[in-house]
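Working notes, beginning with the structure itself.
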Amino acid sequence: MDSLPRLTSVLTLLFSGLWHLGLTATNYNCDDPLASLLSPMAFSSSSDLTGTHSPAQLNWRVGTGGWSPADSNAQQWLQMDLGNRVEITAVATQGRYGSSDWVTSYSLMFSDTGRNWKQYKQEDSIWTFAGNMNADSVVHHKLLHSVRARFVRFVPLEWNPSGKIGMRVEVYGCSYKSDVADFDGRSSLLYRFNQKLMSTLKDVISLKFKSMQGDGVLFHGEGQRGDHITLELQKGRLALHLNLGDSKARLSSSLPSATLGSLLDDQHWHSVLIERVGKQVNFTVDKHTQHFRTKGETDALDIDYELSFGGIPVPGKPGTFLKKNFHGCIENLYYNGVNIIDLAKRRKHQIYTGNVTFSCSEPQIVPITFVNSSGSYLLLPGTPQIDGLSVSFQFRTWNKDGLLLSTELSEGSGTLLLSLEGGILRLVIQKMTERVAEILTGSNLNDGLWHSVSINARRNRITLTLDDEAAPPAPDSTWVQIYSGNSYYFGGCPDNLTDSQCLNPIKAFQGCMRLIFIDNQPKDLISVQQGSLGNFSDLHIDLCSIKDRCLPNYCEHGGSCSQSWTTFYCNCSDTSYTGATCHNSIYEQSCEVYRHQGNTAGFFYIDSDGSGPLGPLQVYCNITEDKIWTSVQHNNTELTRVRGANPEKPYAMALDYGGSMEQLEAVIDGSEHCEQEVAYHCRRSRLLNTPDGTPFTWWIGRSNERHPYWGGSPPGVQQCECGLDESCLDIQHFCNCDADKDEWTNDTGFLSFKDHLPVTQIVITDTDRSNSEAAWRIGPLRCYGDRRFWNAVSFYTEASYLHFPTFHAEFSADISFFFKTTALSGVFLENLGIKDFIRLEISSPSEITFAIDVGNGPVELVVQSPSLLNDNQWHYVRAERNLKETSLQVDNLPRSTRETSEEGHFRLQLNSQLFVGGTSSRQKGFLGCIRSLHLNGQKMDLEERAKVTSGVRPGCPGHCSSYGSICHNGGKCVEKHNGYLCDCTNSPYEGPFCKKEVSAVFEAGTSVTYMFQEPYPVTKNISLSSSAIYTDSAPSKENIALSFVTTQAPSLLLFINSSSQDFVVVLLCKNGSLQVRYHLNKEETHVFTIDADNFANRRMHHLKINREGRELTIQMDQQLRLSYNFSPEVEFRVIRSLTLGKVTENLGLDSEVAKANAMGFAGCMSSVQYNHIAPLKAALRHATVAPVTVHGTLTESSCGFMVDSDVNAVTTVHSSSDPFGKTDEREPLTNAVRSDSAVIGGVIAVVIFIIFCIIGIMTRFLYQHKQSHRTSQMKEKEYPENLDSSFRNEIDLQNTVSECKREYFI
């Protein structure tokens, strides 16, 4: 199979070479001077300084010494008639001899007839040639691509400002021979085969054509089995229909196999090459090639009897054709090496000729181009005061709006306006401001095609005809009497025209017109050009310079292209991309980036190559505290049972991951580690059998290769995990299943060799014996570790740099990275070409500069930051250049943008190495760090390159200095080599950014008591020394925070007591007001009541209490409710315990607190924090190791679910950070094979289980209520031995509440 693409490539190169060889002149040294032998009469010009023809050959010194026009302006030109079509390869110019007259820049135009000129272009833009700097030196230009023409025209653009236009010219080339056939739209050529059937496995068809119309068949052939090949013009584009043996695909109903080209009805030559090998086809029109695979059942194209050129004749009906025939000329027509036109000229018996001639007859049609949307117009005279009016012309444009015609009618008839508005043709006759008549017709007339318009008015009837179809008459025009005027303004109005001779309510027309008739008389536009007829401004006469800016389509990633006369637009709405050319992905490149943005676990789309071609892939981002896992699900993650498979009839299952293999490879290659769990459950079903034997089961990986090793084993070793551990059931085998036992067992493990992942298929061959059965499960592809986002290097000498291969980005370039520095300036990166270059640098402490040159001169964009950028913090830079704009973005500052010029060079051509962190001159080097450098979505592996480069170190420390604020709610940022993590030890929250609330539902009897003691970690894997748990048992301040939802009042929320009878209490009074009670230093109890609302109202409330020394503040729901100063030297003595909910000990509570405590707290509480301690989090997460006691039922839940619901009902919300759960059972899951009996049995079991649970809970509740005090004592005795003895004894608080309390109401 691999040999076919190779053969295709070889044949394609061979055929392309032969085609170009056939079309190139036979003289390989095609550089002969062609103008030096011409007579003076072969030269003509727009005007001449002396009024007579002046020979303008190179080095001419006689007479005036060359050509100069009468006036030096942009309308002048010099042309020569070379006598016949020749191949032109170079040009040269001089100034006029002995003068100060020379041209400094010019353009070239070519023509076969001296009419309908074509401008010379390079890079799809009108090319400007550099001219002379004096009168005598010769400036020679080799054409990038040769031109075949008879007439050449030099158009001066700029000249010596101290002189005038002056030229002596030469063109170089050689003779050009070709075979041409002219088709008049009713004729064809038939090439009859020598045998009945022509069957070919490969074809090469080449030709050149010029067409007079937008539709017509160039050639056609078909066979009886449905084979056909047809090339036809459709609305100015070439459509190729090709089918190989598919009888269902008929030409009349099938869509084209490929469509190429645009504006091919411009009466200029266009080249076509069709190369086919089997079903692989290359279709080339001019310089654009489309490769496709054709439909069909075979590789051979079977054509019966003949090929027809110019039309599709109907068998048995001479002169009748199935489709519109071709009208124009075809040149050098070759079919598989056969020169068809040469055979026809020599009247060979294989050719049957219709009304075909062998020279190209072309009508002398003169088009004009309206260039400027504000100043272009054409004024033509008419015959005034005729009863009626007759005007017709053809136009083509890309603009939806524009004035086509304005004329003031005689005899007070009003003004006639014809315009395009929204692509619709609109005819209006108005008197003053009153609209007398209006006709609308057509749609989408800005499609770039030629459209014919005719206006006829006689007496009181107006007829508007568009493309030979008459529009419905105006309903209110029956009484209009029209008399023709004497001036007709086409395209626009003069700027200095102030009267009603020309009205233009919209912008001027930009486009082409031709075949203008007024009063049924054609208008000679060459006379207009010569100044003898009418007037004009900003017109190109004798050429139509329309250009299809959507060919090729520069809208990327499937964006749709539309255009106006001057630019193109991209519609990105149906893509996953954005930007002027749909270049930028709307998705991030990895789960790591989503995590960095503050997202939590969920489904996301990632675009691994950013602006590259791969496209987005849906994944699950499991964003945990330590690793960020990327999971890619496939279509079969359930346990699947297999029976009846054997080597002759194997079982195979392909896995679909919802994306291409390239997308999956990008995810894997961009990760530090990837794995897939594979499980094989077996009963008398062998897996691998022996390391040297043929395996019974294998899997297919990314390269479509078989892999006989199983999970837990390294590649190349035909074993399972138990074989490496020497723990298999049978020591003679290396997998449990290879023991071939008549009972269920399994081999389960992880595949983690990235070059083989993902698993794309599994094949099983040993489940066809008696009692033989297997069940398999392959988990999702899971990866962690972003090798792109944290890939960083440090530059510590100005002369150091990293170099990479040349950055190839001709049409679109985007560069993004992070940097941090303390230097004043330095170059981030630079890439040079011969003239082009691209450079990004920090040019001052507060400025980033992006400079680029694509050949039109440097463009520089600067973003200035209001704050310093050399602050040793990470900053983000993104620079982009495309065919629409150049832009620079720094952090979140306003983007700097510059529109790209529509003309001139547009390819960015670089050829040096890419320098990162410096320049090729080793000057202006960057000092600092660069991270996550991407060019057009591709990661640059900075760290790997830095390992072998002096002056550069891999990695860059100090992420927390920039990203520490991402850790919320008291979380601490911890540095890692490849990033950072948030340590939530001291926070009542959890999650990757300490933003996830830890909350629980309390019942009325629930109590959570935290005993203060030596520092104890409440987060796993955090050492005691690194734990910042509060250690001072005699604090001088309190920072208390909690959130709650309840409907119960009174309620006790929080109780803090000390061994010296000090306490702080937070409770809800009976009326729902919140009360905070402070008793410190044996003072009277301070009671602070906030009764602004009933806080037992099923809504979430947030309380913050802060005391530092004497100053106390209380916030409720983010509003400051109270501020108070205690007496001097107030402090909280040694704290004993903190209780949430009901206080179960006998602590001698005062009456108010006792009332609230009797009710306890029923509701939901979350985010509880006392200084650096999170007691609720400790109870829920680390109850076995933290000094915390729980009485009653405490159920973890989200308080958000309790709002506006029954808070007294205990609701448990189970969540999983990874929806793709794993199963590792010794036997297959019972639901692998579903049955009704299993479902019914399961329901019964669940009901019985629930009943027993209810009985158990009731029994436990009654027991706990009776033994609560005893349990509290026992719990304290279970603390670790290293606790202070003062906390091992039970301490009863004495009732020191004064009879005289201070109470504060807010």
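Glycine is treated like the rest: Cβ placed from N, Cα and C.
Model, not experiment: these values are computed from the prediction.
Annotated signal peptide per Swiss-Prot: 1-24, in sequence order, evidence recorded as sequence analysis. Residues or ranges marked as topological domain 'Extracellular' by Swiss-Prot: 25-1237. Residues or ranges marked as disulfide bond by Swiss-Prot on the basis of similarity to another entry: C30-C174, C329-C360, C512-C544, C550-C561, C555-C570, C572-C582, C929-C956, C960-C973, C967-C982, C984-C994, C1164-C1199. Look at Swiss-Prot and you will find 367-544 tagged as domain 'Laminin G-like 2'. For 546-583, the entry in Swiss-Prot reads domain 'EGF-like 1'. Look at Swiss-Prot and you will find 584-790 tagged as domain 'Fibrinogen C-terminal', backed by sequence analysis. According to Swiss-Prot, the feature domain 'EGF-like 2' maps to 957-995. Residues or ranges marked as topological domain 'Cytoplasmic' by Swiss-Prot on the basis of sequence analysis: 1259-1306.
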Name the residues of the same chain, 6+ apart in sequence, whose Cβ is under 8 Å from the Cβ of C550 (disulfide bond)?
S262, C561, S562, Q563, F568
Look up C960 (disulfide bond) in the DSSP assignment and report helix, strand or coil.
helix
Rounded inter-Cα distance in Å - C1199 (disulfide bond), C960 (disulfide bond):
32
Which residues in the same chain, at least 6 apart in sequence, have a Cβ under 8 Å from the Cβ of C967 (disulfide bond)?
C973, C982, D983, C984, F993, C994
I'd like to confirm something. Which of the disulfide-bonded residues, C360, C512, C544, C570, C1164, has a Cα closest to the Cα of C956 (disulfide bond)?
C570
How long is the line from the C-alpha of C555 (disulfide bond) to the C-alpha of C174 (disulfide bond), rounded to the nearest angstrom?
40
Any idea what DSSP makes of C1199 (disulfide bond), helix, strand or coil?
helix
Which one is closest to C582 (disulfide bond) in space, judged by CA to CA distance, out of the disulfide-bonded residues C30, C329, C512?
C512
Highest Cβ count within 10 Å among the disulfide-bonded residues C973, C1164: which residue is it?
C1164
Alpha-carbon spacing, C960 (disulfide bond) to C329 (disulfide bond), which is rounded to whole Å:
72
CA-CA, which of the disulfide-bonded residues C30, C544, C570 lies nearest C360 (disulfide bond)?
C544
Spatial separation of C570 (disulfide bond) from C329 (disulfide bond) - C-alpha basis, Å
36
Using CB atoms and a 10 A radius, I'd like the single residue among the disulfide-bonded residues C512, C982, C994 with the highest neighbour count.
C982
One should report the C-alpha separation between C570 (disulfide bond) and C929 (disulfide bond), rounded to whole angstrom, as 37
Inter-residue Cα distance where the pair is C512 (disulfide bond) and C929 (disulfide bond), in Å
56
Entry from the disulfide-bonded residues list C570, C929, C960 having the most other CB atoms no farther than 10 A
C570
DSSP helix, strand and coil counts for the domain 'EGF-like 1' (546-583)?
0 helix, 10 strand, 28 coil
The number of other Cβ atoms within 10 Å of the Cβ of C572 (disulfide bond), counted over all protein chains shown, is 21
By Cα geometry, the one of the disulfide-bonded residues (C512, C544, C572, C1164) nearest C174 (disulfide bond) is C544
Spatially closest candidate among C30, C512, C544, C572, the listed disulfide-bonded residues, to C1164 (disulfide bond) (Cα to Cα):
C572
